[in-house]
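Since the structure comes first, as structure tokens, the remarks are kept for the end.
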């Protein structure tokens, strides 16, 4: 079946809404669990955010707000596309569909940038306070991807004069920056590489923790590498953009938008799963205790799997650095760091 050339979604608007709202529901559930179990810092924690809230939680709430705005704007765009059944399509509906699609794409860029900052903030809580190079690299990655996203937003809004020509081709005017914006959009695909780096960076941190069992390390690495999937979604979005020089006003807009929304929600989803391990452990233990009561068995209170070492700050861990032996400004030499200030939370037994 040939898609209508004058509609933005080409009869695939329902698919976009179905996939994106399912991802929205999952993200809301995970963030709600995160708010219940991993929103506050431990008492006296030196890196508490606002009102005792963790910085990674503060950033993810901001990202969630932007993501919900983007999802709502995309829904409005699809709505105007779905009700435009006449032949030829009603021009007013086409304009509205394109307008809200553009606004949704711009908001999703901002949401993804803030969500990556939330992931960086989480990794900073794991990174040792003396690992200055690693912390500096994380700060630079957060700033770099934020700047790229802001520049792309400005280019998207400034590529046409007047701006309304972006969503209404019948207006008089021109789009002198459309080629530059398109090429910079390809360059924005470098954020996919950042997603991959952020996904694999925990392997470097967790692998150095000597007090953790190997099975715990493996499970942590697996759940924290979930960001790899958001990187794959971003790669598909970039490929879709390169295949379509005119994103709005073609039947292939649905493909670009669904990958954009998927990447946005996956960053939030897989950035929330690692901090919920304690919640999942508690849930499985409750199931085990219920089963034990039913069978008349008793659980062993000394079971080491019932505890979860909180990864609030790797300066509280035991590991050997492999950095340089000379001191640098703000980064004193720490060849061997041994402390006992490790927070252990015993899950309900």
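Glycine residues also receive a Cβ, built from the backbone N, Cα and C atoms like all the rest.
The transmembrane segment annotation in TrEMBL covers 15-35 (among others).
Marked as domain 'Rhodopsin' by TrEMBL: 52-281.
Annotation source TrEMBL lists transmembrane segment at 56-80 (among others). Nonlocal intrachain contacts for the transmembrane segment (56-80), taken as residues 6+ away from its ends with a CB within less than 8 angstroms of a stretch CB, comprise 8-9, 13-14, 16-17, 20-21, 24, 27-28, 31, 34-35, 38-39, 49-50, 93-94, 96-101, 103-105, 107-108, 110-112, 114-115, 117-119, 121-122, 125, 257, 261, 264-265, 267-268, 271-272, 275.
The transmembrane segment annotation in TrEMBL covers 100-126 (among others). Under 8 Å from some Cβ of the transmembrane segment (100-126) lie the Cβ atoms of residues 8, 47, 54-60, 62-63, 66-67, 69-71, 73-74, 76-77, 80, 135, 138-139, 141-142, 145-146, 149-150, 152-153, 156-157, 166-167, 188, 191, 194-195, 198, 201-202, 205-206, 227, 247-248, 253, 257, 260-261, 263-264, 267-268, 271, 274-275, 311-314, all in the same chain and six or more residues away from its ends.
Counting residues 6+ beyond its ends, the transmembrane segment (138-158) has Cβ neighbours under 8 Å at 102, 105-106, 109-110, 112-113, 116-117, 120, 123-124, 127, 166, 177, 180-181, 184-185, 187-188, 190-191, 194, 197-198, 201 in the same chain. Look at TrEMBL and you will find 138-158 (among others) tagged as transmembrane segment.
The transmembrane segment annotation in TrEMBL covers 186-206 (among others).
For 218-236 (among others), the entry in TrEMBL reads transmembrane segment.
Marked as transmembrane segment by TrEMBL: 256-280 (among others). Residues 9, 15-16, 19-20, 23-24, 26-27, 30-31, 33-34, 36-38, 56, 60, 63-64, 67, 70-71, 74, 77, 101, 104-105, 108, 111-112, 115-116, 118-119, 122, 195, 199, 202, 219-220, 223-224, 226-227, 229-230, 233-234, 236-237, 240-241, 244, 247, 308, 310, 345, 347 of the same chain lie 6+ residues outside the transmembrane segment (256-280) yet bring a C-beta within less than 8 angstroms of a C-beta in it.
For the domain 'Rhodopsin' (52-281), the model's pLDDT averages out at 82.
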